[in-house]
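Undergrad: OK, TrEMBL features for this one:
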| type | residues | note |
| --- | --- | --- |
| DOMAIN | 330-762 | domain 'Citrate transporter-like' |
| TRANSMEM | 132-151 | transmembrane segment |
| TRANSMEM | 318-335 | transmembrane segment |
| TRANSMEM | 342-364 | transmembrane segment |
| TRANSMEM | 376-398 | transmembrane segment |
| TRANSMEM | 410-428 | transmembrane segment |
| TRANSMEM | 496-515 | transmembrane segment |
| TRANSMEM | 609-629 | transmembrane segment |
| TRANSMEM | 635-652 | transmembrane segment |
| TRANSMEM | 664-688 | transmembrane segment |
| TRANSMEM | 708-726 | transmembrane segment |
| TRANSMEM | 738-759 | transmembrane segment |
| TRANSMEM | 799-822 | transmembrane segment |
Amino acid sequence: MNDMFKRIKVFGKKENRGSLYSMVSCSDLTPGSVEIWLDLPDEIKYDPLLAPFKQRYEQQHGKIEAVDVPNEGDKTIFDKKREKQDTEVKKDEASEVLKDASNKLLAPMHQDHDDTKLKSTKRKKIKNVLRIIKLCALVSSWVLLTVSLLLNTERSDVVLHTAVREEGKVYELPSSDATVKVLITLTGPFASTVSNGSVTTLRLWLHRAVELHPGVELEQSSVAWSIPLQSDDIIDFSPSSTETRTLKLADNSPIMHSKDKYSRNYTKDDLVIVHQVTRWGQIGKNGTVVTLRMSTTANNTVPITISYQMNPLDVEDGIIYATILLVALYMLIIFEIVNRTIAALLSSSLAVAVLALSGARPSLTEIVSWLDVETLLLLFSMMLLVAILAETGLFDYLAVLAFEVTGGRTWPLINCLCFFTAVFSTFLDNVTTVLLMTPVTIRLCEVTQLNPIPVLMSMVIFSNVGGAATPVGDPPNVIIATHPSIVKENINFTNFTLHMGVGILAVSVQTYLQLRYMFRDINTLRHSVPRDILELRQEIAVWRRAAASLSSYSRDEDIVRRALEKKVEKLNHALSRREAGGGTSKSDPMFCSTLASMKEKYRIRDKQLLVKSAICVSFVIIVFFLHAIPELQRLSLGWTALLGALLLLLLAERDDLEPILARVEWSTLLFFAALFVLMEALSKLGLISWIGAMTESVILGVGEESRLAVAIMLILWVSGIASAFVDNIPLSTMMVRVIAALANPAGLGLPLAPLAWALSFGACLGGNGTLIGASANVVCAGVAEQHGYRFTFLQFLKIGFPVMIGNLIVASIYLLICHCFLELH
C-alpha cells in the first residue's frame, strides 16, 4: 500500500501542468475546510491537487516540517502498560476462540476433503465413460464406411449414343423390380427455354408390358419427360447441353393400354395375376419387359447421348441424409469432439458411404475430380511464399513499423490492420490477403500485449467484407461474374465494382461500429490487465473512498469533497485513455525505450532474400491485378501463385526444403479437400438443389408487383444463411443458375442485375457467420494455430454471426432502395 501511495505522489506531480492548482483557489478555502484537510491521510493530504490547503495552513501556522505521525516516544509508561495488558488479554481470548473454532472446523474440513475426492473420482469416471462412448461412435462410423465400400462396387454409368427420329426409339432396361426408377442424364441439342410459338420436343418415358396369356398383354407407362429442342434449321452443329431427371414406374401405376390378340375379356383371376406380376416382376416366367422409349416432333434426326442409373436414391431421403451429415460435421466441430480436419474427413467419408449404400458409389477418380484444385493450388503456393518471406524478418519489421506509426495505441492498431486487410482483399483474393496479414497481426499483438484471437477475427471479417466489392475479391464473385447469363447482361468489372462498392462501404461502417461495440471493454482484447492500469484503478478507489467519507451538508466538507472528486474525475479520464490505448505517446520515455528495444530485436535478417521475395510477390500481385482484365485471364490465380512460388524457390537456392515445407498448413489443405468432397456429395444427395428449388417456389407464390423485392430478399438471405453453414463455392454455382432461370423472359422475366448483386452480397458476407463459412476463415484459423493461438468454432460464432446478420440487414436496405424504390437497374 505504501508503494501505491508513493506512486500517487509521483502521478500527481506528473499530472501537474499548471491547471491542477486552479481547481481549488486559496481564497475559496475556509478555516474549517483546512482543518478537515488536516485530518486526511498524509498520502492524500500532500497531493499537488490539494496544495492550496497546505499553503493556507502554512500561512496561518507556519511551515510544516514533518508529517504528524505519533511515534513510540510520545507514549507514557501507563499507555505502554495498558497496551501490553490489552495485548495479553487479546491473546488469551484468541487462543480460546481458536480452540473452539478448531473443534468445529476440523470435522467439516475432513468432510469437505472427502466430498472433493469423491467428486473428483466421479468426474474421472464420467470423463472415461464419455471418452469410451465417443470412441465407440467414431469406430462405428468407420465400420459403416468400410462395410459400405466392401459390399458396393463403384458405380459405372451406362453411356449410350443414339439418334432419335419421328418414329421413335426403344431401349430395354435390365429391371425386374415392381417399382422401377431410372436417373437419366441426356446430352444433346436442347434449347434453354420454351417459346410461346411452336417448338420441337424430345419425349422420354418408361414402359412396361406384362404378358398374361399368349397373345394377351397389359401395358404401363410413366409420366413423359418433354425437353425442348433447338429449331430444325440450327439443330445441326448446335451447342450441346445436359438435362437430368428421374423417371419412375410404380407397381400401382395405372394400365395405360391393353392388347387382346384374340378379343378376350379379362377375368378376376387375370387381374390377380396382373397384381402379382407387377408386384414381383417375374420376367422369365410371366414375360414382364421394361423399356425406355423416346420420340421427337422434330423433322430432323436428333442425336443424343444417354447415361442412366437404375434405382437412384430418393430425393427426400437424400435431403435427410445430407442434413444429418451436415449437422454431424457441425456437432463435431462446435463441441470439439475431434480435430476439425478429422471431423471433415469423417463427414466426407460418411457421405461417400451414403452414396455407396444408395447404389451410387463414386470412383476414386470421380472423388478427386470433386476437389477444387484451383483453390488448393492457390493456398499451397501462397503458403510457400509466406513461409520463405517469414525467414527474412519482414513480418517482425512491419509489426514494429505499425507500432511506431500508431504510437502503440490499441484501436489505431486494429483500425490500421482491418483497413489494409479490407483494401487488399478488394483487389486480391481474400485467402491470399489473410495469408499475408495473419503473421503480421500475430507479431504485432505479441509486442503490444494484445490477445491475437479477437484481432484476427476482426481482420478476417473485414477480409470477407472487402472481398465482396470486386469480381476478383472472393471466389463466389468470380463464379457470378463469369456466368454466361451475367456476361450477356453486360455486367462487367467496372459496373460490378461500382454497384457493389457503394454497398460494401455502408457494410464496412456497420461492421466497424458493431465490432467496436462488441469489444467496447478494451480488456477483452488483452491477455490480462496491464499493471499500470491496475495501479491506476487502485488510486481511483483510494481517492473515491476519501471523497465519499465527506458529506455535503457543511460548506467546509463540501469544499474538500469537491476537490477530491475533481481528482477522481481526472484519474478516470487518464484511466479511460490508458484502457483505450491512448495513454502512450511517441514522447513517452517508456514508449521510446520499448520501441528502441523492438527495433533492436526485430530487424530484417536477410536483405538479399527479402529482395528476391519482393520480386516474386510483386510478380504474383501484378498478375492478380491483370486478372481483372478479361483479355488477360488466361493465367489463373492458382497458376500465378505457383509460378511465383517456383521462382522464389529457385532464387532462394535452398538445398533443404524440409524447413519450408514444414511451415505449410497441411491440415488446412486437407480440411479444404475434405470439405470440397463433402459439399459435392451433399449436392449429389440433392440438398443444394432443394434449397434453390424452395427459393424459386416461394418467389413464384407471390404477386407480380412484389416478386422483385421478394426475390432480392430471398436470394440475399437464403444464400447468406446457407453460406454460413455450407461452402459458398458450390452454393454460388447452384444459385447463379437459379437467378438465371428467374430472369428468363419465358419465366418470371425479373431483371438479372439486382439478383446478381443480392447473390454476391449473400454468398460473400454469409461467410462471416461461422468458422467454416469462408475459405479465409479456415486459413486464418490454421495459421493462427500454427503460431500457438487457437480459436474455436463457438468463439468465432459469437462474434461473426451477429456481424453477418448486421451485414445482411444493411445489404437488404441498400438493395431495396436501389432496385425497388429508385429502380437503378
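Heads up, the Cβ atoms here are built off N, Cα and C, so glycines get one too.
TrEMBL annotations: computationally assigned, not manually curated.
If you look at the structure here, what lies around each of the features I listed?
TA: Long-range contacts of the transmembrane segment (342-364) within the same chain: residues 138, 141, 144-145, 148-149, 151-155, 309-313, 317-318, 321-322, 325-326, 328-329, 332-333, 370, 670-671, 674-675, 677-678, 681-682, 684-685, each at least 6 residues beyond the stretch ends and with a Cβ under 8 Å from a Cβ of the stretch.
Tertiary neighbourhood of the transmembrane segment (410-428): same-chain residues 402-403, 434, 436-437, 440-441, 444, 448, 450, 455, 458-460, 462-467, 469-470, 472-474, 508, 512, 516, 522, 525, 580-581, 621, 624-625, 628, 776, selected by CB-CB distance under 8 Å and a gap of 6+ residues from either end.
Residues 192-196, 476, 480, 483, 485-486, 489, 491, 499-500, 503, 692, 695-696, 699-700, 707-708, 711-713, 715-716, 719, 732, 811, 815, 818-819, 825 of the same chain sit 6 or more residues outside the transmembrane segment (738-759) yet have a Cβ under 8 Å from a Cβ within it.
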Undergrad: Using a cut-off of under 8 Å between C-beta atoms, tell me which stretch among 376-398, 496-515, 609-629 contacts the transmembrane segment (664-688) the most.
TA: 376-398
Undergrad: Give the one range among 376-398, 609-629, 635-652, 708-726 whose Cβ atoms make the most pairs under 8 Å with those of the transmembrane segment (318-335).
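TA: The stretch with the most contacts is 708-726.
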Undergrad: With CB pairs under 8 Å as the measure, which of the listed stretches 132-151, 376-398, 799-822 comes out on top against the transmembrane segment (609-629)?
TA: 376-398
